[in-house]
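Enquirer: One structure, pasted below without further comment.
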């Protein structure tokens, strides 16, 4: 390999080997280009020296005899000389050689040569003696034939230490020249051919002995050396030597596979370029001059392009590692590229970081700093995962992560960083891992662990390499080293180089000792790694200590920093030999003492404003961070390159100014003082404490110092810099510059070429902002724009994860535009690359269209087409495919053609280019992808409308189908089909619960359907079809009156679904009920009751899914026997959407939700319950706000109401009649009936308050406060809603109200509610009321206020006894109750109290006058209100009349009247909806006075009459007439007074009270007085015209029945079996006849009522029963049953409480029986689908053609199970097809490819399923052949079909297995009966 690195001299050269410095080579190239004549002279002179022609002109010493090593010059022209040296450094042959330093003018030959000779003399005494010895010039001495002197040879000498010498006495400029010759000039070994060809090649130069050892080492090695010591050079020369040795080998041997790996793309590229140039320089000797000229012509200068942006296609290597061939080696790759090559071989494991969209998924330093670091404590490391995931220990842990205990146990010596903070650090790592997982990010450790996992699981992909070179190894993790090691099969072919002092990231703890130990263990333990099978040899460790970059002054200063690190942190970096410079140089200058009191040091360094000094291209100012840079720029402006220390890594400068490094440090002065421990003789220094911040600060300081080649200036005015300055000063390693001393000249001007050159260097290191500065100084605008574009991209990338997404996209868009501008002015590969960069940025900006345009400019046609396709510009995609299809892979072309076709067909857009070449090709494509719309269009274009219509209809396109049907004239049923299609669409869009506005406003197609309906020929349609069309037209036009009429028509036609739909739209609008009159309210509630009843009928329907009308009403589609589809946009679908988060029983499809029969039924019933509740509740709320339910007494009496927005009805007295009264009662009962539907549907709803309120309203309507408003005697039950059945609900409410009434909870209103419902109960349900009243809690006990103090009697019992009237003391009980209420001032409604007073007083009067002791003809000539005479118990039972007790009551009434008169002491009284006003108080006084008058008129006993007289006289005396405040009872009082106190001499009139009463009533409103006349006295009794009614009776018991038909209803509720026998009374003569909407008795709604005769004919219905689901029925829901169960024995006492034991046992049995029934009914024994198919099969077997046998068993047994599986599969496939179809037209174009594949596959599968259905259906002719084998094959095909069904068919597996076992599986017979064959009936039980 030694010889391979060198070669023979070129033609014309002699024995003397020529070494030429880079300075001399530069001079030669300049002369070659500028002055060819002079170049020839120089070239000739060099040849002479090479041939040993030394003459006086050629061999004149330049330096003095005492200047050490002689330096010579060779004169060439008058003033041009060549300077060289005879060097005794032996080459591989041991000969001396000539070293050329340069070509200079005479004026340039100054004193530096003496200094150079003196410096060279320091190499040792032996070296000096050999150079001074004369024998150096000859070989003992030998002259050649042409008098040439041959070079001498010396034996190899042992290396000797350099001699010390004093500093060189040179100026700064001369010192720079010495540096150029000694430090910066590698010695090139031959140059002729490359120089002649003017080829940009590099030449092999001389290596030091240590470097030579490294290159020639035959084992693996580790090379350590600080920055600039030649580590990379030794690698390169070793690669070159091995490559040249293989090329020069005569033996046929495989080419050695060598890979150079580093982290930096720039370094890898430069090394590769350098290698190629060295290879070219070695190979130039084999070329002729003509060939060299051609090579020069092909040489093109590299453009300004970031190497990391180059596409893989330009890497000239395969995409996969396994595809690498020998010709591709040697390779120079980054570590990332090695990973990518490996990734391509295992794409399923690795992470994608190449796509522009996924760029930020990889956690780089910038991503970590911007997106992760802000979340962590700032005093900790930025490289958290190096130990936790990247160490050797992590390899043995699960998932490659070191767990917490093992991490905490790591030894401090080998892992010193953050040793005291590991717990906190691991917490941060876990937080980092969590965030990384959430963001789907991955880092370098994740990537390496992934590839190691693959390498462990399978064979190595491809051929392993022979030699591996890893540069900057400290930048990798240990696990990275393992991965790289596994690439190499040769254990002796490893070369690791690096410097741990250059890892400036905080927390980095890489050491070569760890790497060595790790790899050694790998070699020992892992045999698979050592695949070469050679003996393991220990790698050799080399150290390089000579720094070729910087001179001794800088190197010594930097070395001192390393010494501090190794002294105080001994285990953090590798300990190396002391670093040395090749030549001494200027010491670093430390500016000190420039504090605020003196002139600012910035003035000396950077100049003043307006005249500042500008630094040159090779000079840089280094600062701590970006903030420090900005502060400096604010102070001094743009003075030159200002970079952070981190940015400067990898760069070199002639001069570096380290500015405020210590001042901007986070380490305070006290901690910096630790460095004083390194000062010799220091007696005081702070104790050392391990501090990672100081350690990191020293490493950064080392990097900053080593960036300089010639000068380093340290400027820092902070006290923190003092410790380091003192340390350096003590070692004489710096020059202190204080105020008053000469400030060294800092700034050096640079030429534009130098600025441009350094700008390119900065650009290659991605320092774009600094490169911009350089190119601006070089006046290169194009380069500036390029750098600006790259800088904008970096800014955009840094915003990812930090800025808002919109800001990120905006930043990338700006960068993309900048790259586009650069591409417009660029040429060649640069233009293409800029377009690529622009495209990538546009992609990340979210602008795929511009990205496609940029890719087109970059000639990346595949990417352009894909981006056009992604953005949906299929027109552009087609053009790219058409124009550049040959440049795009065939697979991509086919995919893009397909998606373009899918797009244009799915969007019905016109393509810019033809999509197909032939008609057949188009048809085939449409069929393959099931593009039915396009197929239909194609059919229509050929006038095949009926087929097109059927296709449209099959694909749910009714509008297109109707149009096609109308156009068709080939079929007779086209019009009928069109009408049916229109109605089906209307039912779908206008189904229940869908508002007309939403339908009209939603799709345009609705208007089209309406227009198409007008085009139909109506004479061809049936009347029912025309009515349905009219219904939907009325719905859409909002014609509610028409809908009301149509609802009646549909009701008559038994089409209740249509009737319900009409009413639903009628009652879906907002109706203002406040302005309704009583009659309008009655009609409205009557219609709403019909609507609520129809809703409730649906709830009671046992199986609504079997009812076609219900399914059509709610747009429910039957998919199979037990599966139904709830269409999108329907009422039920909206209900699902409201709670879809918790839905598990329904599956979502594009058309809606699918669910089982049971679940759909539950949803329907639950939804109807909800809507019934909402609608009824809304009507209830509006009724509560409507005034018609209560009359304003203030207005009724006075005609004026002072209240603002009075909540009661203002009605004139003239309107009051019996019709009005009955209408008011009717609206209350209608509302109660409506509410009962809601309560029956929602049995658990709290109804108590609502029931009490409406019963209170009903009570007031029946018993209004004023007699002129009507009374119960005016009630006509024939005018009441539903008559008898309506009253059943009222009775039920009364019963429930008793049970729910709590005297403690409703104490304030208890008495009022109790009196009201008690009155109603005994009025409407006298016989049954005692039973449930006795069980009510409120009748057992109550508050103490209701307990009489004397006998502790509960006064509620007195009240109940009074109302029941069944006992002797009932009247007395009523009086006692009233006395208790009035005496204790119990809170009560005044109107109800007056009703109770009237009831008790009326009973007293009747019993007084019916007593035969006082009256021979009972009740004859009695005048009483009709409502006092209605109740039979007042006439049937003998009751005691206690006059004294009645007297007490009159006394309490007197006090009540007085309280009302003076409005004092009446706080216990209240009224509904009103406060007490004078008018209202007067109204109730007059009402009480009427009662008093009737008492006085009918009972002449002085005890009572005197009390009445006193009350009347008191009112007359205390209430004189007043015009200002009229009193409406005054006339009555005045007339009474006149009658009872006549003028002197006159006798009081015996009927004075009656006369006064009749005069007061004055026939206003509804008259309620009746004159009772016994039949015997009828002809003798004068007719009183003032009394409106005269009743002739024979027996007193007849009076209630004669007064009202209501009397029959008051009897006990008939039993169910006795309902038909109850007689119906006719109308009274004085009552107007009112036609009812339904004359027949209507009982509780039955489910059969929803059924229509026509529907029974169209669809087979199940057995309909009246049993409702348990969720929709209450125990008391059916009124007949409720009334029957609640009927007690009439003898039961009121005091009995609770059901008997027998009743409880009966109830328990009924409950258990009903529960068993519900359970049996809910679980169907037979699947309805299988049942239906079985019935079809059975029908086929009954055909005469069918023959019985084994096939029949299969046909009736397993086959139905197989067919149900097939049907389910077809249904699921259709659903999937519908879904993809909907998505095809709805989804964005991005999913076209996926949907296209799905659509094609589903279409093929569906065709297969339909074919199998036709083959296996019961009516198929295939069954006639009775081929069992064919049937078995069909089963297998069905199995294959089921496996392809997109949705899961697990629920059908049991049925399929039944079919499979019965048909396919082989039967194992247990045995045979001898002589008789056994019949195999296996599977028959399943049929």
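Backbone N, Cα and C atoms are what each Cβ position is placed from, and that goes for glycine too.
Sharing the feature lines straight out of TrEMBL:
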- 204-551: domain 'UvrD-like helicase ATP-binding' (DOMAIN)
- 225, 226, 227, 228, 229, 230, 231, 232: ATP binding site (BINDING)
- 1623-1708: region 'Disordered' (REGION)
- 1627-1643: compositional bias 'Basic and acidic residues' (COMPBIAS)
- 1653-1663: compositional bias 'Basic and acidic residues' (COMPBIAS)
Enquirer: Within the domain 'UvrD-like helicase ATP-binding' (204-551), what mean pLDDT does the predicted structure show?
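Expert: Mean per-residue confidence for the domain 'UvrD-like helicase ATP-binding' (204-551): 72 out of 100.
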Enquirer: Neighbour count, 10 Å Cβ-Cβ cut-off, for residue 227 (ATP binding site): what number do you get?
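Expert: Taking every protein chain into account, the count is 21.
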Enquirer: Could you name the residues, excluding 225, 226, 227, 228, 229, 230, 231, 232, of the same chain that surround the ATP site, i.e. Cβ within 8 Å of the Cβ centre of those residues, in sequence order?
Expert: 499, 544, 547, 548, 549
Enquirer: What is the total of other Cβ atoms whose distance to the Cβ of residue 232 (ATP binding site) is within 10 Å?
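Expert: Its Cβ has 20 other Cβ atoms within 10 Å.
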Enquirer: Including all protein chains displayed, how many Cβ atoms other than that of residue 229 (ATP binding site) lie within 10 Å of its Cβ?
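Expert: So the number of other Cβ atoms within 10 Å of residue 229 (ATP binding site) is 26.
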Enquirer: Tell me, how many other CB atoms lie within 10 A of the CB of residue 225 (ATP binding site), whichever protein chain they belong to?
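Expert: If we count other Cβ atoms within 10 Å of residue 225 (ATP binding site), we arrive at 25.
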